[in-house]
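Per Swiss-Prot, the features are as follows:
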DOMAIN    6-150  domain 'PHTF'
TRANSMEM  77-97  transmembrane segment
TRANSMEM  99-119  transmembrane segment
TRANSMEM  121-141  transmembrane segment
REGION    152-184  region 'Disordered'
CARBOHYD  ASN179  N-linked glycosylation site
CARBOHYD  ASN224  N-linked glycosylation site
MOD_RES   SER272  phosphoserine
MOD_RES   SER276  phosphoserine
MOD_RES   SER277  phosphoserine
MOD_RES   SER334  phosphoserine
MOD_RES   SER336  phosphoserine
REGION    345-415  region 'Disordered'
COMPBIAS  348-364  compositional bias 'Low complexity'
CARBOHYD  ASN363  N-linked glycosylation site
COMPBIAS  365-376  compositional bias 'Basic and acidic residues'
CARBOHYD  ASN431  N-linked glycosylation site
TRANSMEM  473-493  transmembrane segment
TRANSMEM  515-535  transmembrane segment
TRANSMEM  611-631  transmembrane segment
TRANSMEM  645-665  transmembrane segment
CARBOHYD  ASN674  N-linked glycosylation site
CARBOHYD  ASN733  N-linked glycosylation site
TRANSMEM  737-757  transmembrane segment
Amino acid sequence: MASNERDAISWYQKKIGAYDQQIWEKSIEQTQIKGFKNKPKKMGHIKPDLIDVDLIRGSTFAKAKPEIPWTSLTRKGLVRVVFFPLFSSWWIQVTSLRIFVWLLLLYLMQVTAIVLYLMMPIVSVSEVLGPLCLMLLMGTVHCQIVSTQITRPSGNNGNRRRRKLRKTVNGDGTRDNGNNSPDKIRAVETLDSAPSVGGFWGTLFGNRIKRVKLVSNKGTETDNDSGCFHPIIKKRQGRPEIRMWQAREKAKVSDGEKCRREAYRRLGNGVSDDLSSEEDGEARTQMILLRRSVEGASSDNGCEVKNRKSILSRHLNSQVKKTATRWCHIVRDSDSLAESEFESAAFSQGSRSGMSGGSRSLNLSRRDSESTRHDSETEDMLWDDLLHGPECRSSVTSDSEGAHVNTLHSGTKRDPKEDVFQQNHLFWLQNSSPASERVSAIIWEGNECKKMDMSVLEISGIIMSRVNAYEQGVGYQMLGNAVTIGLALFPFLYRLFREKSFDQLKSISAEEVLTLFCGAPPVTPVVILSIINFFERLCLTWIFFFMMCVAERTYKQRFLFAKLFSHITSARKARKYEIPHFRLKKVENIKIWLSLRSYLKRRGPQRSVDVVVSSVFLLTLSIAFICCAQVLQGHKTFLNDAYNWEFLIWETALLLFLLRLASLGSETNKKYSNVSILLTEQINLYLKMEKKPNKKEQLTLVNNVLKLSTKLLKELDTPFRLYGLTMNPLIYNITRVVILSAVSGVISDLLGFNIRLWKIKS
């Protein structure tokens, strides 16, 4: 419906625009319609020694970003928390098994508490709803943190692609090999992972990894066979089988190129026509992409494939047999109701006949997500990126016997052009041109001063090692633990000091303490409910402030990065902190300095920590708005309710953490935007001009570049803000008006005269 409306709008826009056109505009449109296909073109390349403005901003060193809007992520997070056991595999994947068991216990306790409260609504409702709100909040935040592994569903495009694949794929179902071997390899059955899986693959894929074995017609499992390759991927729990049959050998030809392409075509030809379900369509997609990628490994995609020896037609079957034994499928299965997909499939082919090709290892990987059942578009773009990327331009000889398996994560759609630009920046970053990418830096070994040519990565590595060796404080961890214990015991302490005086506390009995702890007569259901509420508040509040401590530690590390970076051009401080030192006396040094600045600003957790900080910022504003509304309702009775006291404790603790983060962020911004460093280097250049008049022209050039760098940093740098990820301008302005209006009402009610803070520019 929306697409039809857009088409109608475009049609009417062109219709009314035609009445405004003159002859010159019509001629230009005709020229644009012809396009640039007939224009002469010649090869070009990007110069990696030049820099872009993205390098100064830091966007060159891009971080992973979610493809799904934050509104959808919020909805997914709420659903995954409410139906927590149904998404067990997803939670295990993004956390761990032990943490999942702990969270599942908290979830069951929360459900039990809600049921007991509905049966006996005696205790305060805030004691039950508080942990529930914390659980929903942190589940949503965690879903946004791991959202880079969730891909956008392709929707109708994916359905159309599957229908197109069903029309284009054909399979015979009965294909014989050249030797007519009676023991044909019939199926590939996915089994549970064995502990013998290598540590590298265990680290790369995380959780359960499927092991693949070849099953013959007789029911025995084999690893190698000389027969034709008939793999069927069987999924557990009644999932449909996916059959891939080898194509029948066609007419033999003497041309080596045709034989090689025929051998590639035989490996991936045909998928059974009876695959009609949704998962079968997905399997068809993977098989066709694999086949197209294998065929594209020739000269069509830019990868050189050299035929050193003429391949005779009588050797074709033996080549196919050798290649068939080099298949390796690694399938990762998720038991979630919303997640059932392939995680990765990898293919590598090599031969002893002398064929060599660039990028023989072809990879396919899919991350777990509830929406990737319809997402064949992602794999398509991944393969195009893989086959047409710059890494396909090398030519190597593959003579290995075993299979080489390489896995490429494909969680997000990436533009190949963007990858080319990023890799060109990484070329000089990774020492591709030592003459222009290294700087002569001074390092201290004891009391000795030595020079060394260092790159950006080497200098940043030393800085990061110094930051990692820094002993972090535990003050805010202790603050979080104290607030956690106080909030967990707050209902009991509130009833205790409200109903008992200090003299009565000396002679209080255990039964009275239990009654105050439960808030009602200590019957069994009430005692169970009170104990559950205590542990829920204790655990969930501790998790919340633990995340806040992680954010504080990250901001502290960012500040240390900026602090050490600002000391690079200072000889005394560089020696004190044992980091490299160099002056901005050359244009190349200025380039390295700017690159190092952008690189360090992008190191460490970025978006994930910003999610936590933004969520805490919004929570603080929400609590402030609720408190203002309660004060406006009746400021004399505001402190009579326990939940208002609890709101004040939360607001105080959150403000302390936010003030800490704001101060660290502001200091970090000042260190990176310290123009005094560039001004000092300009003074040093003038001092050199006085001592070396023969180099005045060269030093003047460097001085001009420093002036331009100063202006550029002032132009690009923005003031630090805590809100960033979820606080777009619309939400920010609405929140500012609402909160400041509420605060204005409170102040006006307390002071007796009207004041409007929202009209004051912030």
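A Cβ is built for glycine as well, from the same backbone N, Cα and C atoms used for every other residue.
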> Average pLDDT across the domain 'PHTF' (6-150)?
Replying inline: 84
> Which listed range (77-97, 473-493, 515-535, 611-631) shows the maximal number of Cβ pairs under 8 Å with respect to the transmembrane segment (645-665)?
Replying inline: 611-631
> Tell me, how many other CB atoms lie within 10 A of the CB of ASN674 (N-linked glycosylation site), whichever protein chain they belong to?
Replying inline: 16
>> For the transmembrane segment (121-141), give me same-chain residues lying six or more residues beyond its boundaries with a C-beta closer than 8 angstroms to one of its C-beta atoms, as numbers and ranges.
In response: 73-74, 77-78, 80-82, 84, 106-107, 110, 113-114, 491, 518-520, 526, 529-530, 533, 536-537, 540-541, 543-544, 547, 611-612, 615, 619, 642-643, 646
> Where DSSP helix means H, G or I and strand means E or B, what are the helix, strand and coil counts for the domain 'PHTF' (6-150)?
Replying inline: 102 helix, 0 strand, 43 coil
